[in-house]
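Asker: What follows is a single structure, and I will ask about it in a moment.
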């Protein structure tokens, strides 16, 4: 599925790297890279959905608790912003590495190892805050490490999807798994706010971290059948031909207008989403101090979940009906970026709480269409290096 077939006549057909020994004709996958059967795909989709849900529970725990932590430790707005922003500095450093390793050894191994690590880090966060003489330093470092550990998640998903899922089913899988981000934010916004009031901010980190470690254990025990997720230097050096890209091919890949456009698109989408994700609780607390926290921490994400599932079903249906894959991806991306921007601008001018919640909800709902758009489906561009290419895109998004 070369770029020339999907994105224009000027693209080079050798951008998608395959083994020189592969015979002409339909590609014959090895057993390691065989597509999932329907039952396997359903099981993995559910597991990855739950894992992404927990990923965002852990990620959003700090923004949810930041107001209480700022009062407890005497942080200013600038210091709170430094703690929240340090996550993205770590997040940008492991994107390409995570995707590269996933392309070579399998995304499921990288997902397992990273989930066990960031789950333990989340559970350990309150300990660092209370037993360090400088909480602002320890929390900034903890968030930086969280970013490093979580940075491999989506590139690993992209690589895994490229290797295991057929083209006309990728939209549904990516949108379903992607809805885990909104489900996780919804859960932590509702249950986390309740736990925050009843048991203190520490309880949010403890519960989220322990559940994440438990998820990693269950994935290892029941899906990987207890096989050790060992990533050796040898496996990185002599990975399968599907993941081999020479420097020349990388340079030709980045010269393609379609690839450059996708990178810029993802940068714009990610900058808007991460800004809303990190600062919405603070925005509502400052602008509408009497508003109930569960309202603005729950409703926008509750709207986003069905919108994400709908976009995935719609995109796969259009592709199955014969619509060009690139056209479908572009349509989903236009809705995600173009229409969403209108409601984001309306949010800036509103002064009433109901309208603010409504605009945020529509914004988050339409943003989910990106899971079926070009910014999340790099497998269509370069399936042989989908993880690494997605890592490049996500790095740009993190820097934004």
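Keep in mind that glycine also has a Cβ here, set from the backbone N, Cα and C atoms.
Note that this is a predicted model, so its numbers are computed, not measured.
Relevant sequence annotations retrieved from TrEMBL are reproduced here:
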- 1-34: region 'Disordered' (REGION)
- 24-34: compositional bias 'Basic and acidic residues' (COMPBIAS)
- 43-62: transmembrane segment (TRANSMEM)
- 44-400: domain 'Major facilitator superfamily (MFS) profile' (DOMAIN)
- 82-101: transmembrane segment (TRANSMEM)
- 110-129: transmembrane segment (TRANSMEM)
- 141-160: transmembrane segment (TRANSMEM)
- 172-192: transmembrane segment (TRANSMEM)
- 204-224: transmembrane segment (TRANSMEM)
- 258-282: transmembrane segment (TRANSMEM)
- 294-314: transmembrane segment (TRANSMEM)
- 334-361: transmembrane segment (TRANSMEM)
Asker: Counting only pairs at least 6 apart in sequence, do the transmembrane segment (294-314) and the transmembrane segment (141-160) share 3+ Cβ pairs under 8 Å?
Answerer: no
Asker: Do any residues of this chain, six or more beyond the ends of the transmembrane segment (334-361), have a C-beta under 8 angstroms from a C-beta of it, and if so which?
Answerer: 265, 268-269, 272, 276, 280, 284, 287-288, 291, 295-296, 299-300, 302-304, 311, 367-370, 373, 375
Asker: Hey, which bits of the same chain come close to the transmembrane segment (141-160), Cβ under 8 Å, at least six residues off its ends?
Answerer: 48, 52, 55, 58-59, 62, 83-84, 86-99, 101-103, 106-108, 110-111, 114-115, 117-118, 121-122, 124-125, 128, 174, 177, 376, 378-379, 386-391, 394, 398
Asker: Count the CB pairs under 8 A between the transmembrane segment (204-224) and each of 43-62, 110-129, 172-192, 258-282, then give me the winner.
Answerer: 110-129
Asker: Can you say which of 110-129, 172-192, 258-282 has the most Cβ pairs under 8 Å with the transmembrane segment (43-62)?
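Answerer: Against the transmembrane segment (43-62), the leading stretch is 172-192.
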